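S.K.: Got a structure for you, questions after.
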Amino acid sequence: MGKIADCLMLWIPLLLGAIFLCSADPQNNQAPLQLSVGNPLTAFTAPTAFQSGVSHIQSMRSNFDTDVLVSISQGVQDFALDLLQRISVEVEKANKDFMISPFSVWSLLVLLYEGSEGETRNQLKKSLRINVEDEKLRGAYKVWSSFLNITTSTIEVATLQAIYTGKGYPIKNNYRDAIQNYNVQPMEVDFYSPDSVIQINEDTNRTTRGLIPYTILPQDVYGAKMFLLSSLYFKGQWKFPFNKTLTREEPFFSESGEVIGKIPMMVQEANFAYVSNVEGLDGYVLELPYGTQDRLAMIVVLPKRGFKLNDVANNLKALGLRPILQRLAAFRNRASEDNEVEVMMPKFVTATDFTLKGVLIQMGIRDLFDENTANLDRMSSGLFAKLVVHSTKIIVDEQGTTAGAVTEAALANKATPPKFLLNRPFQYMIVEKATGLLLFAGQVRNPKAA
């Protein structure tokens, strides 16, 4: 007689992502167990306001080894750029825009790492670039969550890790203790009742402020054992808002130089930092800051003539963000206050849904998805992952972000401002600059107007 699987699903919103974990116990004939990544409702009912940029982060680090935090942040960044590059390859033929939240995916998988043993744990550790002991990893996450959950007049960031468990389903005490370090308190629900779907969707809707309102269907969780939720919400006003009266219809070009169509292009002239010669990148870099604290920014990379988005994504994977952020910081330090740049950028809305199982297997996380080899015994007995789903949405307009001819971003003569024309495919990353954490990343190939 064949095995009857019990499953666990993970879901992530504004991210929304999900991993479907199953039990291969032949004596257990109950319905699937699910893990979901969603929004920050219960864990952070009132995100803490941050003080001033770097000084706040330094205060959060006062009781934590800065070198360890930098090392772990670098690991998250390496995972993020690896994931971004692989998805870029996947979507190139479809010629579609996409957006992901690498930090939310990483955070969700860390919950599984905490529950894993043996080779499953080794594969997760290697892929997630975890290079420290568990206690230091947990400490780093506490620091991140403290300054990522912020609310000001110009920026709002909120995170959530949540675990819903079926009535009577056991979670091992050591795992329950471990996940408290990620601000997770398991919530017991009845996965056979429609009320569980209502609760998860309401949590997701509230955390993502309505961006991803109703993602879970009754059949997704019916009879589940566990549902893990990890989400990240971001809304930021540009430091230099675009003037709506200047927005105009302009052609947008494909990578081959063909006109895709006319779309609303925003125009702004301000003191933006830019870099045109990062060695090995093959792209021009522009920084669009959010708010007034100089902590969060959209980093835009426009491929140089003769190079494609996949080239840039592959180069970023090798280079990392550090040299780019250092070059941008050096530009800001030496640039005069009247060093203005003219930026033309499309308004766009991107909503994407990914099944990440194949990509994660490519990244070396194999045993997690194999009922014969998966080892999540620190969490509960006999589970394996069935599915990983990731849903995102981003809106970019004149106020900011809520998650002609083909031209290079060449510098004009000194009589006129340099021009950065984003009228052809480009890549963007929303970054917490002090740590280098890559919160969101995506590509615009065929924009839909906001």
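Cβ coordinates are placed from backbone N, Cα and C, and glycine is handled just like the others.
Pulled the feature table from Swiss-Prot, pasting it below:
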- 1-24: signal peptide (SIGNAL)
- Asn149: N-linked glycosylation site (CARBOHYD)
- Asn205: N-linked glycosylation site (CARBOHYD)
- Asn243: N-linked glycosylation site (CARBOHYD)
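Help me picture these features in the structure, burial and contacts included.
M.R.: When secondary structure is read from DSSP and collapsed to three states, Asn243 (N-linked glycosylation site) falls in the coil class. Applying an 8 A CB threshold to same-chain residues 6+ apart, the list for Asn243 (N-linked glycosylation site) reads Val267, Gln268, Glu398.
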S.K.: Quick check on the glycosylation sites Asn149, Asn205: which one has the highest count of other Cβ atoms within 10 Å of its Cβ?
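M.R.: Answer returned by the neighbour count: Asn149.
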S.K.: Tell me the Cα distance separating Asn205 (N-linked glycosylation site) from Asn149 (N-linked glycosylation site), rounded to the nearest angstrom.
M.R.: 17
